[in-house]
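Presented below is the structure to which this report refers.
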Amino acid sequence: MGDSSKLSGRDHAIELDSSDALRHTRDEFNIPSKADVARKTLPTSDSTGNSLGLQPKRTLDRIQQYLATWRTQGVQGHFKPLDDSPLPTWLDVDARAAEMTAPIVGGKVSEVAVMQTLTANLHLLMAAFYKPDVKGRHKIILESKAFPSDHYAVETQIRHHGLRPEDSMITIEPPNNEDILSNEYVESIIEKHASTTAVLLLPGIQYYSGQLLDIPHLTSFARERGVFVIWDLAHAAGNVPLSLHDWNVDAAAWCTYKYLNGGPGCIGGMFVHERHTQVADNGSHNVRLAGWWGNDKKNRFAMRPGFVPVPGAAGFQLSNPSVLDITSLCASLEVFELAGGMAPLREKSTRLTAYLVSELQKLPQDMSTYWKIITPSEQERRGAQIAGALSLFHVSSTITDMQPSLRWVTQINGHDIRFCISPYNPVEHYRWIKNTGPFQTAPSYLSSPEIMSGYDGGYSGGGGRGGGGYGGGGYGRDRGDRGGDRGGDRNGYGGGGYGGRGNGYGNGNGYGGGGGGGGFGGGGFGGGYGGGAGGDRMGALGAGLKNQEWDVSTLPKFEKSFYKEHPDVTNRSDADVEAFRRKHQMTIAGKDVPRPVETFDEAGFPRYVMDEVKAQGFPAPTAIQSQGWPMALSGRDVVGIAETGSGKTLTYCLPSIVHINAQPLLAPGDGPIVLVLAPTRELAVQIQEEMKKFGRSSRIRNTCVYGGVPKGPQIRDLSRGVEVCIATPGRLIDMLEAGKTNLRRVTYLVLDEADRMLDMGFEPQIRKIIGQIRPDRQTLMWSATWPKEVRALASDFLQDFIQVNIGSMELAANHRITQIVEVVTDMEKRDRMIKHLEKVMENKENKILIFVGTKRIADEITRFLRQDGWPALSIHGDKQQNERDWVLDQFKTGKSPIMVATDVASRGIGALLTPFTFIFRAGTLLYKPLLRLLTILAKDVRNITHVLNYDYPNNSEDYIHRIGRTGRAGAKGTAITLFTTDNQKQARDLVNVLQEAKQQIDPRLAEMTRYGGGGGRGYGGWGRGRGGGRANANNMPIGNRNRRW
């Protein structure tokens, strides 16, 4: 073998891999491939072990053996060994797991138990060994950035003893804005509180920074001062060699789903030093919370009172453990034994982390402004994790289509990115890191404070490195042709992203891009992800809010059932009711769903409500209103699924007015009675307008709480008291955390456009908000679609709900929209667009919305149209709030009947999380609401007559949402789509949509389905597009050439 120290890059990696004695362990795991996330099969490196380890291949065999025994033996499986399995009977399987785990944590077998979960085990340990004395030892020292469950457990234990956490909980954090804890600093805290401290609870490895604390030294230091020492080894067990017995550790707990690869939420483990587990001849023992599985085995099945524990850690067990969980864990522990234990695994991870650090140190000099490694540089002070702090996050176009692919984990609370260097990965795979993600050389123009303060995402406006560049400027070596449409040159990267293999290949070593193929920035997923996304404040929103603990029996009673069936409804036959539902494509689910009403009078609203409705001149209830009103008025939890523009808003607004008028008046300091959550400011404002209109006669006060505007007026409204609050999740959490309002009085909760809120990544915020609301509230959820994520949310927060669906649940376009799809070349698109505009604008009442793929193209098309004499304005995520408002108003009023828009933000952060465990926050840069556009557009613009897709979207869902901006509220509309060969991968999905809606299909489009792929439901085009110094296209004077309008 050569001198590896003289090698670098790939050669060095290959040299290291050639001497790797653990190469075979990679074959023991199911490692998610590109086939699972991008319809390609490529080697994959998994770097998420600090969140969830991989599944060993033998797990399936072990579980199937367990299930076969259960199926064939029933209860006798407790006593009959599993056939063809190394595992013992179910009665002894936990003992076998402890035997296999003991060498990993460095304890005697009797000192180890596989049981419960990590937090439950911490509670059990503190219940046994935290014996506070207010006059003496009562404090628990823990690390300030410990995992939140540790904080919750400690606070709970302290309060259980009648103490206050602010007096008895001491937290340690690195001083002077440092990243890691030194021994000396931890010692100083222990010394300061030594006489009053009962327990020291620290993480073996700090999950945020990856620091491996000096467990033996700190244990000795604390124990010498009379402190009981517990270690949380969630990130240390299976990661680094441990010698808990020899280090004289008092106790420890860990989970098994991270480095131990036990599976999601798998069973936990506990270590208790043998000096604490002795059982005297007379049965006396250390007092602990007891359960029957911890009882002496000789008496366990005697079913007699009188607890005498099993000697050792097993005596802390409560119930018999899940055999399924332990079976899964044992499959992984077998791989540890196969690898030779922790010593060779540690050697391998040491080699991997050292190599990764060496690669990261090769980053360009100008990256040092934005990136630094915060994990200790000494190998003995870190495990298999490298964490780095980012003050700027740039996700480049190479991230999804790297060969091999790298799965990432990053930290939510703060601005770090974490790599978990799992020892089943080859060294060579990590040589890609410095060329990916945030580790691109940052363009010099990003150094200005003005741009830094407004930075929301990546740089790429459309396409990958070189193909469209950062903001269209062609940043990178050797540009691809036309922003990545046709691939790059020999060493360039086409716009579809590195490794994109879109419709056109580059020459030589170039990689094609275009709409169908690539990575971030030019394609779909099955086309890829859009060019970079950045600062996310949403992950931190609500961190200061704790779920309220409700005792419903002590809450004031409230009325929520107001529905009395009209005689005409009662007298209808079941056949008539079913015919009405069939006519309106209405399906229902749930118990005792009320019959639909067919007229306003049948709805049973009070006269003050009906007067407002009739004043609007509506002829009859819409389908969703016919069924939704009786459901909502009945006081039941309701799910309503219907297309946008179907009248959902009034379906919950009118019953809310009745609900409010039946409740006690607000007292000073009370929050709202009705809370409506909406995904965007524009929808929230539209809902507020409806509330004002129909609540006027009842003098119901409301306010609209959303971001992008000053908080002062909203705070003033809330402090004066409002019965109705319409809010976006982020701004409402800001208000709640600041104490500007509360949700104690909310008894009527509405989640409007729930699918869109989840798509935009608001689920954590929704859950935080609902945690502030009494559980016996009435909850109404409205959505245009019914995906599994929405179903899960309904299952969690709605009680015994009833449901109405209007129309088919399959993906389908509005049948009132005429869809025209023209197959064109890229060069023909502008001419075709102009011809359609000339025809559409013959009617001065028409409005047309033009969708494009990127913000750069939006500005280019707007500038082109205005120079050509067309009154066009553009709207996208780079626009300030006041400009967006002005553009929408100009479009709504018809002063500018042509609006050019992107939909890059329509799917939001949630889409990025789908194929990758990829959560990020760009340093201290705050997240700005870029997640709006599709929902913004036409939410309060109901008379859009035409939609033109200048660029085809990345998937059929976005296509349907785009064209759904026309044909609303019962009107007809026209959608025109310019479809190129670059979109060929989406052809089959588009044809399916057209066929379902009985639309004409261009023969050339049908021909494409013979060769194109299935489309892919990924989400592309996220680039920020700061480059190029473009002027605001909306300020471009309207020229006189071809001025037809």
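Glycine too: its Cβ is placed from the backbone N, Cα and C atoms.
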Determine which of W70, W292 appears in TrEMBL for the same pyridoxal 5'-phosphate site as L118, T119, F147, P148, S149, D150, D232, H235, Y257, N320.
W292
Which range of 1-55, 496-550 is region 'Disordered' in TrEMBL? It is 1-55
May I ask you to indicate which of 76-104, 337-365, 598-626, 714-742 is given in TrEMBL as motif 'Q motif'?
598-626
Please spell out the DSSP helix, strand and coil residue counts for the motif 'Q motif' (598-626).
16 helix, 0 strand, 13 coil
I'd like to know which of the binding-site residues F147, Y257 has the most other Cβ atoms within 10 Å of its Cβ.
Y257
Just to confirm my parser: what is the rounded mean pLDDT across the domain 'Helicase ATP-binding' (629-804)?
91
Using the residues the record lists for pyridoxal 5'-phosphate (L118, T119, F147, P148, S149, D150, D232, H235, Y257, W292, N320), what whole-number Å value is the largest Cα to Cα distance?
30
